[in-house]
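Okay, structure first, notes after.
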Amino acid sequence: MRQLRPPCTRRYAADMAGVGGVRRKSPVSPSPLWGKLHTLWQDKHLLLFKTEYTLLVVSVLWFLEIGINVWVIQKVAYTEIDWKAYMDEVEGVINGTYDYTQLKGDTGPLVYPAGFVYIFTALYYITGHGVNIRLGQYIFAFFYLVTLLLVFRIYYRTKKVPPYVFFFVCCASYRIHSIFVLRLFNDPVAMMLLFAAVNLFIDGYWTLGCGLYSLAVSVKMNVLLFAPGLLFLLLSEFGLMKTIPKLSLCAGIQVVLGLPFLLENPIGYMSRAFDLGRQFMFKWTVNWRFLPEWLFLNRYFHLLLLAAHLLTLLLFAFRRWKRPGESIFELLKEPGKRKIPAQKSTVDQIVLILFTSNFIGMCFSRSLHYQFYVWYFHSLPYLLWSGGVKKLAHLLSFTFAFSCSRNTRAESC
């Protein structure tokens, strides 16, 4: 009869099997990180479509952007448009002119608020009176990376957009790179401060966020397009009485920044820095190029756009922004005194209201120039993935329209 060995003896014999009777090592279990990377390699589509991997994807893209910006600065020719005019305008202030009506550059009068003057005065000195443009480009590359970091953090907090979309947000956005590091416009500075304010809002730092928002407005007043949405959120969170101090903070910052110019010529400062009726040139418009020039310049057309803008904001406030079953007039009351118990706004609600408020303003803007693309480009993925539309097709169409070197009527449509 065959003699059976105990199980423990069989295991020992198996361990001792091999060359020279050397005991084989037991397999080592892989580390959790290695296991996760192996899973990602097997299911690569997860990395592109699952929002849980947003942080990993945007981190890789952000570091790639460092190299892309350096390459663009070194290999693509800088184009002078407004930088010299900015330097001429702030040089007038440095030389002691505080009357806004007397400040101008090559492209026309100074039409930006006081925050612009202070920031670009600093850039004036850093770049050797505006002469060292290459240094200025690297400073704006830093602004670009900070802006991208702030934008990515918003998307990471919301987890609404799949990771593959962020490739189009950064690496494929040639026009945005151009606006930042090849043109040195002031629009990127304003939007960098704006996205910093949005990050503070979603973290619950409303007062600090309002202060930073006001600083963004002081660089360029296009940031006011976010104001209706911000007002709605403040009323929703705090009611009318507690909203007033935050609005006062915003106004106070504008007064303090503009004080040297207000003391010299208050009407001149207000009419230039916050000129809501400024006429745009037809040759630079992107969105209304398909119209005849006489209609583009017509004041009744401008009034129609303003009316449509206000009506659309009201429609969104009543139908999309407020909570179901809640009267919009309840927002004027303190949260504790409302009929329906007040709830804190979620991150998604805050971002959606702010981004839609801005985009509505863009839709009814009297004119969009190429550099204005940065006003809303980074919000497009969030807006598209918040609605039932052909998301990627729309994103690519926006990118195409603003990336063409020629502005034709077809592209405008």
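Including glycine, each Cβ sits where the backbone N, Cα and C put it.
All TrEMBL annotations are machine predictions without curation.
Under the heading transmembrane segment, TrEMBL lists 53-73, 110-126, 138-156, 162-182, 189-206, 212-235, 300-318, 347-370, 382-402.
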Stretch of maximal Cβ-Cβ contact with the transmembrane segment (347-370) [cut-off: under 8 Å; candidates 53-73, 110-126, 162-182, 212-235, 300-318]:
212-235
Stretch in 110-126, 138-156, 162-182, 189-206, 212-235 most in contact with the transmembrane segment (53-73), if contact is a CB pair under 8 A:
162-182
Can you see whether the transmembrane segment (138-156) and the transmembrane segment (189-206) are touching - at least 3 CB pairs under 8 angstroms, only pairs 6 or more apart in sequence?
yes
Intrachain residues whose Cβ lies under 8 Å of the transmembrane segment (162-182), provided they are six or more past its termini:
47-51, 53-54, 56-58, 61-62, 64-65, 68-69, 72-73, 76-79, 137, 140-141, 143-144, 147-148, 151-152, 155, 188, 370-371, 373-374, 377-378, 381, 385, 391-392, 395-396, 399, 402-403
